[in-house]
Amino acid sequence: MATATPVQQRAGSRASAPATPFSPTRLSRLQEKEELRELNDRLAVYIDKVRSLETENSALQLQVTEREEVRGRELTGLKALYETELADARRALDDTARERAKLQIELGKFKAEHDQLLLNYAKKESDLSGAQIKLREYEAALNSKDAALATALGDKKSLEGDLEDLKDQIAQLEASLSAAKKQLADETLLKVDLENRCQSLTEDLEFRKNMYEEEINETRRKHETRLVEVDSGRQIEYEYKLAQALHEMREQHDAQVRLYKEELEQTYHAKLENARLSSEMNTSTVNSARGGMMESRMRIESLSSQLSNLQKDSRACLERIQELEDMLAKERDNSRRMLSDKEREMAEIRDQMQQQLNDYEQLLDVKLALDMEISAYRKLLEGEEERLKLSPSPSSRVTVSRASSSRSVRTTRGKRKRVDVEESEASSSVSISHSASATGNVCIEEIDVDGKFIRLKNTSEQDQPMGGWEMIRKIGDTSVSYKYTSRYVLKAGQTVTVWAANAGVTASPPTDLIWKNQNSWGTGEDVKVVLKNSQGEEVAQRSTVFKTTIPEEEEEEEEEPIGVPLEEERFHQQGTPRASNKSCAIM
């Protein structure tokens, strides 16, 4: 018996990686299921007819039995071989579909990571441009600081020259001061000497005065003794002359002493005034020099502090620039490494996808060969039915067409059943048509035909607030509505999937939402979903319509000659040979 992939497994894979309704693999398996069931039914009818012929033709029972045994063994071998190859092909197709879905999911994830890396790279580039702008600003500030530093150094050199000049002047003034002090000391010594001389002259004057007085007294005594001898007339004249001579001598002596004293005082006062003026001039010069030195020292100290501050700022700016350059180089290396890693991973994923596509093409070649084998098998059965005058059951074929698909893919799925009762099925064709429209930024991207989810997408470059928006699903006369919360916002370029409660998916806002009050969105032949904004205006709609038609019966193939061996054709597709040289003898 042929193996079948459970429907629940397909639904689970579709929930984990959403696929389009009636994927090519599912449609192909449905078609294979119908074909195999039709072949099994026809084979069962054929076997029943053979048995009835065996009972009716008792005379030919032994011959028919032998030929039926031979034919049964050949059919059993062909059937086992066919079922084995078909099961292998189905497993390979299932594995390929799963791997392809997994690779598509990984590809989407890597694309998202690549987009995020591009965003991070753009952000790093903007940070780099900002850092470069800041670096240029720091360089301009550093240049201005260097200019200010050069100016300060020039001022410092000029001030140092002025300081040296002031030091020379101070040295000269100090030398002048020492000379003035020495001169003052000499003048002081001279003053003391003059005072001593004046004192000695005064004492000498007093001494001489005393001597003169003694001499006068002596002379007076002598004159007094002579006066006795001189007559009285001459005594008065003599005394008068003597007094006048003494008075003149005293006045002359006093005038000489006074003149000498005045000259001495004038000389002393002049020298003292000169020394005082020289000392004051030296003191004022020294004070001004000291004031200039203090000002120069204070200015030098302020310039030194400014210079140290500028040097500190310059060192800090250089360190910051070096740090920013290191960070920038590190970020560039990290970005290049991450981009190279992602590009290598994407290249590996592309290689894996290409390998999977090649394997898928090979499996399609195998499937095409199996379809041709099934067709040859059908021709054999129809030839035997026509030869034995059996009523063939009409072929059952299912074709599904999608409005969004550009090719027709036939896949098989299902488990064959042995049918004991002859039954005929009408050939049918199922077509699915989708139509969608949108007048705003949000469109309805997908409706699950199983009623598990509805997906919306924001096609604009702006975030869309969804507060108060309503999504209405209509199937015939029934309708259900879902309202978004007042704070929900659909990001630019983002999709949101609203799952039913029984979809088996966990909520992951803001991309996956769960409608807990509704177990299913519902299924039917005519499904329509309308999206309305908070003002009740229709901004998007999407509808899915299922149509079933009955095509005309295929023309019967010509009857094959009895007992002639049939050889299957060799099929080639894309350079891959697939040949089968099996022959079957039909009696």
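Residue numbers in this text run from 1 along the chain shown.
Every residue gets a Cβ built from N, Cα and C, even glycine.
Annotated phosphothreonine per Swiss-Prot: Thr20 (among others), in sequence order, evidence recorded as similarity to another entry.
Among the features that Swiss-Prot reports, phosphoserine is placed at Ser23 (among others), with the record citing similarity to another entry.
Taken from Swiss-Prot, the feature phosphothreonine applies to Thr25 (among others), supported by similarity to another entry. Within 10 Å of the Cβ of Thr25 (phosphothreonine) there are 22 other Cβ atoms, across all protein chains.
Residues or ranges marked as phosphoserine by Swiss-Prot on the basis of similarity to another entry: Ser28 (among others). DSSP assigns Ser28 (phosphoserine) to a helical segment in the three-state reduction.
The region 'Coil 1B' annotation in Swiss-Prot covers 82-215.
The Cβ neighbour count for Lys102 (SUMO2 cross-link), using a 10 Å radius and every protein chain shown, is 14. The feature SUMO2 cross-link is assigned by Swiss-Prot to Lys102 (among others), with similarity to another entry given as support.
Around the Cβ of Lys123 (SUMO2 cross-link), a 10 Å sphere holds 10 further Cβ atoms from the protein chains shown. Annotation source Swiss-Prot lists SUMO2 cross-link at Lys123 (among others), citing similarity to another entry.
Feature annotation from Swiss-Prot assigns SUMO2 cross-link to Lys145 (among others). Sequence-distant neighbours of Lys145 (SUMO2 cross-link) (same chain, six or more apart, CB under 8 Å from its CB) are Leu310, Asp313, Ser314, Cys317, listed in sequence order.
Sequence annotations record features per position, and here Swiss-Prot assigns SUMO2 cross-link to Lys157 (among others). Under a cutoff of 8 A between CB atoms, and with a sequence separation of 6+ in the same chain, Lys157 (SUMO2 cross-link) has no neighbours.
For Ser158 (phosphoserine), the count of additional Cβ atoms within 10 Å of its Cβ stands at 10 [all protein chains shown]. Ser158 (phosphoserine) carries a helical DSSP state (H, G or I). Feature annotation from Swiss-Prot assigns phosphoserine to Ser158 (among others); the stated evidence is a large-scale study or a structure entry.
Sequence-distant neighbours of Lys181 (SUMO2 cross-link): residues of the same chain at least 6 apart with a C-beta under 8 Å from its C-beta are Ser279. In the three-state DSSP scheme, Lys181 (SUMO2 cross-link) falls into the helix class. Per Swiss-Prot, the feature SUMO2 cross-link maps to Lys181 (among others).
Residues or ranges marked as SUMO2 cross-link in Swiss-Prot (evidence: similarity to another entry): Lys241 (among others). Just so you know, the Cβ of Lys241 (SUMO2 cross-link) picks up 10 other Cβ atoms within 10 Å once every protein chain is counted.
Lys261 (SUMO2 cross-link) has a Cβ environment of 14 other Cβ atoms inside 10 Å. Residues or ranges marked as SUMO2 cross-link by Swiss-Prot on the basis of similarity to another entry: Lys261 (among others).
Residues annotated as N6-acetyllysine in Swiss-Prot: Lys271 (among others). The number of other CB atoms found within 10 A of the CB of Lys271 (N6-acetyllysine), across every protein chain shown, is 18. When secondary structure is read from DSSP and collapsed to three states, Lys271 (N6-acetyllysine) falls in the helix class.
Taken from Swiss-Prot, the feature SUMO2 cross-link covers Lys271 (among others), and the record attributes it to similarity to another entry.
Per Swiss-Prot, SUMO2 cross-link is recorded for Lys312 (among others). Within 10 Å of the C-beta of Lys312 (SUMO2 cross-link) we count 10 further C-beta atoms, all protein chains included.
Most other Cβ atoms within 10 A: among the recorded positions Lys330, Lys483, Lys532, that distinction falls to Lys532. Here Lys330 (N6-acetyllysine) is compared against the recorded positions Lys102, Lys241, Ser375, and the shortest C-alpha distance is to Lys102.
Taking H, G and I as helix, E and B as strand and the rest as coil, DSSP gives the domain 'LTD' (430-546) the counts 3 helix, 64 strand, 50 coil. Under DSSP, the residues of the region 'Coil 1B' (82-215) split into helix, strand and coil as follows: 134 helix, 0 strand, 0 coil. According to its DSSP assignment, Lys330 (N6-acetyllysine) is helical. Other C-beta atoms found within 10 angstroms of the C-beta of Ser375 (phosphoserine) number 14, with every protein chain shown included. Distance noted between the C-alpha atoms of Lys312 (SUMO2 cross-link) and Ser158 (phosphoserine) is 24 Å.
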